[in-house]
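Record features, source TrEMBL:
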| type | residues | note |
| --- | --- | --- |
| DOMAIN | 17-205 | domain 'ABC transmembrane type-1' |
| TRANSMEM | 20-40 | transmembrane segment |
| TRANSMEM | 52-75 | transmembrane segment |
| TRANSMEM | 81-105 | transmembrane segment |
| TRANSMEM | 117-136 | transmembrane segment |
| TRANSMEM | 186-205 | transmembrane segment |
């Protein structure tokens, strides 16, 4: 391995890793913000809304992230919406992540005994206080570890953004390889950076699992 060559290209890979980390974090935040009200709305299975949300979730989880990204990239301009490449990638990745996040949140919320909601309501607590002080603190024991595990999948999924010229880690690695014809050092370094980022998320998942495993 040529370490001089590696060190020469490492700054570009690290800048690309920052883009990957930012795209991962933004996708996780947006998908969670959108999925939360959807998960709450989908708790009642017998309503048309809950059935529609369940069907939409199944449908979206059946479509590969790359296909969703292409649909956004090529489809939005057809209806007059032209977004920068980075925004397009964020929209596509978020749409792909929403369904998985919604299922994670719904499973966590369903793990809380419905009797607690009824008991809190009988005490006259407003809905926002019931959810904020009674339901969510208990649901987080189930949600947080699984959510962090899913974050690793989102991290790896950001690599498909290279298809639409987003300068994330995989795109920059491929660009360097195409210019230098020396794939070994670059791809090995790229894999190491992905492992490092994934290890941070895996560590957070293990810590949160221990933290939330006890009442």
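A Cβ is built for glycine as well, from the same backbone N, Cα and C atoms used for every other residue.
Residues 40, 109 of the same chain lie 6+ residues outside the transmembrane segment (117-136) yet bring a C-beta within less than 8 angstroms of a C-beta in it. Note on the transmembrane segment (186-205): residues 1, 6, 9-10, 13-14, 17, 20-21, 24, 145, 148-149, 151-152, 155-156, 169-170, 173, 176-177, 180 of its chain, located 6 or more positions outside it, place their CB under 8 angstroms from a CB of the stretch.
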